[in-house]
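Novice: Please find one structure pasted underneath; my questions will follow.
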Amino acid sequence: MANPEQGNQTVPTEFILLGFGNLPELQILLFLLFLIIYIVTVAGNVLIIVLVVADQQLHTPMYFFLGNLSCLETCYTSTILPRMLASFLTGDRTISISGCLTQYYFFGFLAVAECYLLAVMSYDRYLAICKPLHYAVLMNGRSCLQLAVGIWISSSLAADITIFLMQQLTFCGPNEIDHFFCDFIPVIKLSCSDTRMMELVTTMLAPICTLLPFLLTLATYVCIITTILRMPSTTGWQKAFSTCSSHLIVVSIFYGTIIIVYMLPKTDTLRDLNKVFSVFYTIVTPMVNPLIYSLKNREVKEALGKVVTKLSAVKRIQTVLP
């Protein structure tokens with residue numbers, strides 16, 4: 001990574017995540033807001049996982065991948081929010097260089113996994129709506145497991161390559177990161193090493209990890225919408241659209257904010273709003289995913305109703321027993 005000293009220049013051993021430190025009067029309010037978001041996110045996603053595992057009705061490819069997404073989102077938000085909450089509470093915004101690289105590794109790994117997982121989920125909906133007769137054969141249990149394992153392994157490999165190159169960097173200048181977590185571009189800007197090789201490798205990885213799954217997701221939804229519009233009955237149209245509308249909302253929020261943060265030209269206005277948009281895809285999206293799926297999917301609502309009924313029955317039995 002870096003030696004403690006380089007020539008006569010002291011090498012920093014930690015970074016300062018500025019985050020939302022420019023709003024000192026709002027620190028307690030922000031702490032309470034993000035604490036509530038974190039609790040809701042973890043509780044909602046864990047509930048989805050429990051429902052998918054416990055309810056036989058949800059033992060389908062669609063809900064298998066939804067369970068993977070909820071597991072991913074729980075880890076994703078836990079990579080960023082606990083550290084942010086601690087800085088709001090204590091005022092300590094420092095993070096060691098190794099801690100910063102560790103945070104970026106898990107953030108990058110999980111972000112890439114989400115891109116791949118959203119693409120696979122859209123492919124699952126494509127097969128269910130556009131190729132219903134082949135769905136059971138193409139999306140069997142073995143295929144689902146292979147896709148899930150492939151997502152996690154390939155995402156880990158991409159993150160391994162990036163973090164290996166980042167560990168070779170030397171940091172010897174300013175150590176302030178104007179962000180609330182260790183993102184790639186803000187960290188690279190602090191390096192005094194030659195970053196051309198790193199930028200070349202990440203430029204090659206970025207299309208594979210983000211653009212390719214995005215285009216696959218986009219293509220599948222073009223096919224899905226085309227197929228739905230060709231359906232003769234309104235009932236069939238509504239039923240088909242209801243099965244993929246939840247996923248479409250999640251995809252739109254996730255990719256919409258990523259495009260704004262990473263791809264649009266950095267005007268003064270967008271630069272000022274960069275942290276706000278980053279909050280959407282790193283913190284808000286993991287929170288709203290369980291809400292969207294539970295509100296839009298009849299099967300999830302029925303499974304939740306069964307759990308509530310069972311808990312009510314247990315409580316009644318406990319009150320009757322001495």
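Glycine is no exception: its Cβ is also placed from the backbone N, Cα and C atoms.
Got these off TrEMBL a minute ago, pasting:
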- 28-53: transmembrane segment (TRANSMEM)
- 44-293: domain 'G-protein coupled receptors family 1 profile' (DOMAIN)
- 65-84: transmembrane segment (TRANSMEM)
- 104-123: transmembrane segment (TRANSMEM)
- 144-166: transmembrane segment (TRANSMEM)
- 204-229: transmembrane segment (TRANSMEM)
- 241-264: transmembrane segment (TRANSMEM)
- 276-295: transmembrane segment (TRANSMEM)
Novice: With a Cβ cut-off under 8 Å, give me the same-chain residues at least six positions beyond the ends of the transmembrane segment (28-53) that come close to it.
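Specialist: For the transmembrane segment (28-53), the far contacts come to 20, 59, 63-64, 66-67, 70-71, 73-74, 77-78, 81-82, 84-85, 88-89, 283-284, 286-287, 289-291, 293-294, 300, 303-304, 307.
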Novice: When only pairs 6 or more apart in sequence are counted, do the transmembrane segment (241-264) and the transmembrane segment (104-123) reach 3 or more Cβ pairs under 8 Å?
Specialist: yes
